[in-house]
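According to Swiss-Prot, the features are:
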- 7: N-linked glycosylation site (CARBOHYD)
- 8-28: transmembrane segment (TRANSMEM)
- 180: active site (ACT_SITE)
- 431: N-linked glycosylation site (CARBOHYD)
- 489-509: transmembrane segment (TRANSMEM)
- 600-620: transmembrane segment (TRANSMEM)
- 643-663: transmembrane segment (TRANSMEM)
- 703-723: transmembrane segment (TRANSMEM)
- 753: N-linked glycosylation site (CARBOHYD)
- 772-792: transmembrane segment (TRANSMEM)
- 840-860: transmembrane segment (TRANSMEM)
- 870-890: transmembrane segment (TRANSMEM)
- 914: N-linked glycosylation site (CARBOHYD)
- 919-939: transmembrane segment (TRANSMEM)
- 945: N-linked glycosylation site (CARBOHYD)
């Protein structure tokens, strides 16, 4: 009874914890989504000439042209605009690009009106249809799509050559827009042999997991990620030389934040892949005029975001050059201004000699007279338009008068030298207005025109203000803000994105900006504006301290308060005067674990299953001639009672020690499969920068990892208890159905005078009709089906066998002892022991099948749509044959021999450790560990003089 209570208690705790995490994830601290939906008419046309003659995947995929029009696109297609090609993501569709085509056409029409007849810039939006393929689950599918993308780009560029129009430049490159895994396909494409050099120079990705695959259930996809990321790092390590094939490529990565429940937004970072000269990572919360979290699908149709992307496209294109885009520096400057959500400077410098500049004074809602003004270490907030560069800027900021602002390096008398124009931080105002904020730690120069002076627009000016908070997780801290513009509060101690916080406000605090420090090693722009709701705002951030995400190695720096403040991962910029109180939101923090550790809910329970199985075999081997195999219920209860606390200490210690380099060296040295280098956690990247990441266990170390590790292990143990009960319930119901349906059949009747006999011909036992089925399945694996399907069928077969054995035992137990199938108590115990063994294997195989389902889903989808997909699991008979033979062997009720128990211990022990330490990043190995175990148990059970019950053998 106590064992049942222990199991039940752990199961109830597990259910409660999972529900709490889910409620926290779904309901606590959600990003506010304020996306607008804009309807537009689109027309599509199949690019008919692009067939199997131009790509070996011409019959599998297709290419289309998308236009914002109510009229059909005439054939043959004659493109004439700037080429943009869209690559949809996992199970996506080619029509998703329609809203972008619509907003680009709308923006172009309005700019024509603004410029009074200028021809404007036309775009040709091409889109690839991958037939909703599951590219996130299968590496081979990812490679196929990348190869097809290169073929499509080459064909598109050739179309422009064939249809060249007088006065138009023939494009030699395209802009690629990728959603989700489409962004990864775009990065893979430039690494393949069929990539046409310089045919891609700008890539924009939306919610794309660049660093780590969202699911690691397929070995190929982890290998593709590893090779592609290594290629990009090695290329940029060459700098701007001709040895770098990617030197002219700029890439923008945009994430949706917490609202994206499909891809962890930590994985969008390009920090360790691309230098700042070529790449930018940001969040939709950070982007001016967007300022909202966006879910995984809405990122393609959110009106505010697609408007900003379309505006940026108009900024970076130049139809008069073959590349169709402006130089790399201009493109990156545009990306920073449009998407970083931060203040930036122009690259050009100018001097102001002998000008009459008036010192600025602190004050609110000032109306300045025409002329130059200057100040030092100032910040300003205004509704003026600051430093617009083009008609596109003017279109975006239709209200407000122009104000010119510079940051200067030096001042000598009335001269200001080495001045750069400031592009301000945009701040949301009331009634959908947009304000401009400028902060300068140095010399600020301001030029107020007569028009600006007479416009009635206002300026708030005050000194810059920054303070650091010595915060810890055990309490809260209260700050008073008195600055007339804003006050910056840094939190150097809050370094983990796994923890969420809550801020209570009072007084006149009307807006809080959360952002990362300007000098923080991370270059991912994660900021958001928070409006207090019932005097409260919720704080959470990505990137810093995220599991498995590479981070820059620390270099010796000053440790004074000012340096710590600027490098703090979390800053709060408080607009208004009042009090703010920050504290940890423990319930809200639980939801952060779900997105980061979904795969762990598969790998860690597998480790627990192998630990329990090790305990079962240890008891079985130590019990002598009267060997009894413990039931999974009993073994799990024993594990919880006697070993779980020790196991929690072990995993807590593992989480702590992996922060040491020599420990990680050793763990990578003993890893199966080998990573190729014991220094795999070190990432040598561009310009000598060195990044590192912890790719073991929880992907983090330190106090948070030490706390989370035991909690996750206890949760995994509870999952094993719950799954065990579910499998037992299923087999019990099936056995009841078998008993009722075959009650009168001779198979379940008890023959008299049956004795236990010995099988002297195990080879002959294999000459069984199920052997034909196994041979057929093996042939199909060699020729056509993936081994995951064969494994799933074997699992179903074992469940049926277990149910049959249970039904048979129940039927025999209902007879008197004199007519029992078993002549003595020892035989009954052996049968019960075997059923325990079969039930345990059923649970392990069911759990392993869950890991195989994603790859199996790719194959099933291909069959449904009539597409052939190459699988590495095709022809891989060794990955499932031991399991098939193991199931066949179980049908003869063979138990493992007691010889060589240490081999069983080693296999189970290392499988348990492997699933614990490497399971998150190598979940595909879960299948192979069971297959290895099945092969070994098959060998140990094939011994001469093995006891079986021949009359009960299942035909």
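Glycine too: its Cβ is placed from the backbone N, Cα and C atoms.
Annotated features taken from Swiss-Prot, shown on the structure.
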{"residue": "7", "record": "N-linked glycosylation site", "Cβ neighbours (10 Å)": "23"}
{"residue": "180", "record": "active site", "Cβ neighbours (10 Å)": "29"}
{"residue": "431", "record": "N-linked glycosylation site", "Cβ neighbours (10 Å)": "4"}
{"residue": "914", "record": "N-linked glycosylation site", "Cβ neighbours (10 Å)": "23"}
### Query
By a Cβ-Cβ criterion of under 8 Å, what residues six or more beyond either terminus of the transmembrane segment (772-792) are in contact with it?
845, 848-849, 852-853, 855-856, 859, 871, 873-877, 879-881, 883-885, 888, 927
### Task
Sort the residue listed as 'active site' into helix, strand or coil using the DSSP assignment.
coil
### Query
Taking the transmembrane segment (919-939) as the reference, which of 8-28, 600-620, 643-663 gives the largest number of Cβ pairs under 8 angstroms?
600-620
### residue 914 (N-linked glycosylation site) versus recorded positions 7, 180, 431 - nearest by Cα
7
### Task
State the Cα to Cα distance, in Å, between residue 7 (N-linked glycosylation site) and residue 180 (active site), rounded to an integer.
41
